[in-house]
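As recorded in TrEMBL:
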TRANSMEM  6-23  transmembrane segment
DOMAIN    44-246  domain 'TLC'
TRANSMEM  54-72  transmembrane segment
TRANSMEM  92-110  transmembrane segment
TRANSMEM  117-133  transmembrane segment
TRANSMEM  174-196  transmembrane segment
Amino acid sequence: MDAFSQIILLIAVVSFFTFQWLFHSVSPSVSSRVSPGFLRLSHKQKIEWNSRTVSTLHALVVGIFCLYILLFDDAVNQDPVWGDPTLVKINVGITTGYLISDLLLIFYYWRAIGDKFFVVHHLAALYAYYYVLGQGMLPYFANFRLLAEFSTPCVNQRWFFEVLGYPKSSRPNIANGVLMAAVFFLVRIAVMPVYYTRMYAVYGTEAFYRVPLGGRGAWIFSSICLDIMNVMWMHKIARGCYKVLRSRHGHKAQPQENGKAD
């Protein structure tokens, strides 16, 4: 194992223990001070709260790093299949540590946060990241996928509002819902043409055929499956956002209608 691979392994290990520390120590301590409602939650709700807090922190760190690579890493942008993966490996190493940490928590606290979908998602992601970390291939596409993390904080915030008892028609909930729909669309739906245009541009090239069959399968098949799910989720989010906005508008209009009738 070369020196850089050892550094990436160290980053993944440090990431794992950091996210465990954030879950077990930092989140409970900070949350109880920032949000008094945290102390009134059940044991299971506190576990999920801490899990989502860690998830939000991971999403922000990795998402910002991902955006920086996408904008300024010329090596990866010019050669999306075999470009210098140094920065991408660091980012994926952080995510790998997080995913293993989250898997451990999911299994240990299965009754509170157990979810077969997340287990499959994490294992599939780790399988795909093996090709990035182990063989340095497809750095652009691996990094591009991490853009989706920007939608995670809003999704988690919706759960926080719900468990704290905020009505769906409350201003904070509506503002978060609209922001969630907008960000989800931008980082998961609107970017699809860019992603698949780059994929089509390299398909059939020498660089493409240097990628082993397993790597190509993990890349193409997982991308298509993930985006099918993204479209389905976007449809549900848009419908939910529309229903809440419509009901709030109707609630505001009701007193005026009654006033006219009187």
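Positions of Cβ are set from backbone N, Cα and C atoms, glycine also.
Curation does not apply to TrEMBL; its annotations are automatic.
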PLDDT averaged over the residues of the domain 'TLC' (44-246): 92
Distal contacts, the transmembrane segment (6-23) - CB-CB under 8 A, six or more residues away: 50-51, 53-54, 57-58, 89-90, 93-98, 100-102, 104-105, 133
